[in-house]
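Trainee: Have a look at this one.
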Amino acid sequence: MKQKCVLIITDGIGYNKNSKFNAFEAAKKPSYEKLFKEVPNSLLKTSGLAVGLPEGQMGNSEVGHMCIGSGRIIYQNLVRINKAIKNKELEKNENLQKLLAKCKRVHIIGLYSDGGVHSMDTHFKAMLEICAKNGNEVFAHAITDGRDVSPKSGLNFIKDLKGFCENLGVHFATLCGRFYSMDRDKRWDRVKEYYECLLGKAYKVPNLLEYLQKSYDENITDEFIKATQNENYKGMREEDGIIFINFRNDRMKQLVEVLNSKDFKEFEREKVFENLLTMSVYDDKFKLPVLFEKEKIENTLAQVISKAGLSQLHTAETEKYAHVTFFFNGGKEELLENETRVLISSPKVKTYDEKPQMSAFEVCDAVKKGIEKGEDFIVVNFANGDMVGHTGDFNAAIKAVEAVDTCLGEIVECAKKHDYAFIITSDHGNCEAMQDEKGNLLTNHTTFDVFVFVQASGVSKIKANMGLSNIAASVLKILDLEIPKEMNEALF
């Protein structure tokens, strides 16, 4: 069977039997149509227990790529934190107790929704309660979502948080959309607005809930809420403690850098803070205490390929680069031997409905160059279905799928020419459900299955009831490498 192999991850494209407001179904996609006719294909599970999340919880890019790259189901931080709260282990956490003993005033920062991709509202509330009951003065800094949940669901979430804070005697200090506070593409002007808000130098209002409603009246949805503070909030002090409740790292790293790094030079800062505590490891370069340490994941797909002396290329545009490197490699940043990484810059637009093709064609070129060079294994992510799906723009999402389809056609042709096997799948769905039955925009991921296509010598059928954790072993089987005991079985 030995062949070189390309693994193509079409982010945010899933299978929805309902064709209404389904951008995948509505798109012109000759490459996909050809794949369905000519290549063995099936459906894979990408949500809930199949990827180590709670039952019914939608999958996400971090979890999906971890599952694909490690070849096993890893119980995610969301599940670990839920257990720690239920068993009252969180309040006994040594690093948390140290911070609460050292700092009288404590700030809780995080995305406040039940999306479960970056955070959970229940984790935010549990942390507020632990800190308040300990006798600390506590400040809540809520980041509104509108992306992993519906665009105006923030009103109910923030109403809930406001009441919770009042009952606990906690200060509801600031409000800001994730567009500003959770940027991951080095748009430092956005993060600066939030930094200044945390310091007490933003627009002041008497009631943050009323401000949110006023923003809706001006057609500003949750993701884009401008950084605003309660008029009674005076800002962070350098001796204060700061706790970040997001368990996913990629959209918190920049904010932590701004608040904590002594070497930061992107803009002038008035204060730098030392007493930070993060829910999980955001970046190995941050020498900060964490609540939930990383679980060690050994014998990942990339490690096995590297140890065998084979070459590999990992490529994506900025928005998904961390997913085909850090997450795919089991939460490790360091470059492996014979591993090449190619980062293609994402377009500098406010939201990707402005440019639905994003940088897909440049990413496609990088893959074709890798095939022509003779890389033994290539993994690539096309971000379009997910990133454009998140905008809620149905027509733009159709164009996004069509751009991916064009790229698939070119890569498949190139792979066949150079006798490469290929596997095509998605980490989760999104753009196949852009509105609900009532006509409300859906910008979040779905819990639908995703397609998988396998073109490799000797493969005529894919086993039933498979998931993302079965892909790594499939790649190793194609490369004719031994499958480690930690991995789940192959797809064929």
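Quick reminder: no glycine exception, Cβ is built from N, Cα and C everywhere.
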Trainee: May I ask you to find which of His418, His445 Swiss-Prot records for the Mn(2+) 1 site already listed with Asp386, His390?
Mentor: His445
Trainee: According to Swiss-Prot, His118, Arg147, Asp148, Arg184, Arg248, Asn249, Asp250, Arg251, Lys320 bind substrate; which of Arg178, Arg190 is also listed for that site?
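Mentor: That substrate site, as Swiss-Prot gives it, pairs His118, Arg147, Asp148, Arg184, Arg248, Asn249, Asp250, Arg251, Lys320 with Arg178.
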Trainee: Considering the Mn(2+) 2 binding residues Ser61, Asp427, His428 given in Swiss-Prot, which of Asp11, Asp376, Asp480 is annotated for that site as well?
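Mentor: Only hit among Asp11, Asp376, Asp480 in Swiss-Prot's Mn(2+) 2 site, alongside Ser61, Asp427, His428: Asp11.
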Trainee: Looking at the binding-site residues listed here (Asp11, Ser61, Asp386, His390, His428), whose Cα lies nearest to that of Asn249 (substrate binding site)?
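Mentor: Considering only the listed binding-site residues, the nearest one is Ser61.
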Trainee: Of all the binding-site residues given, Asp11, Asp148, Asp386, Asp427, which residue's CB has the most CB neighbours within 10 A?
Mentor: Asp427
Trainee: Determine the Cβ neighbour count for His118 (substrate binding site): the number of other Cβ atoms within 10 Å of its Cβ.
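Mentor: Result for His118 (substrate binding site): 26 other Cβ atoms within 10 Å.
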Trainee: Looking only at C-alpha atoms, tell me how far His445 (Mn(2+) 1 binding site) is from Asp11 (Mn(2+) 2 binding site), rounded to the nearest Å.
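Mentor: About 10 Å separates the two Cα atoms.
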Trainee: Please name the residue among the binding-site residues Arg184, Arg251, His390, His445 whose C-beta has the most neighbouring C-beta atoms within 10 angstroms.
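Mentor: Its Cβ has the most other Cβ atoms within 10 Å: His445.
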Trainee: Can you give me the residues near the recorded Mn(2+) 2 site, meaning same chain, not Asp11, Ser61, Asp427, His428 themselves, Cβ no more than 8 Å from the center of the site's Cβ atoms?
Mentor: Ile9, Gly12, Thr46, Gly59, Asn60, Gly64, His65, Lys320, His323, Asn381, Asp386, Ser426, Asn430, His445
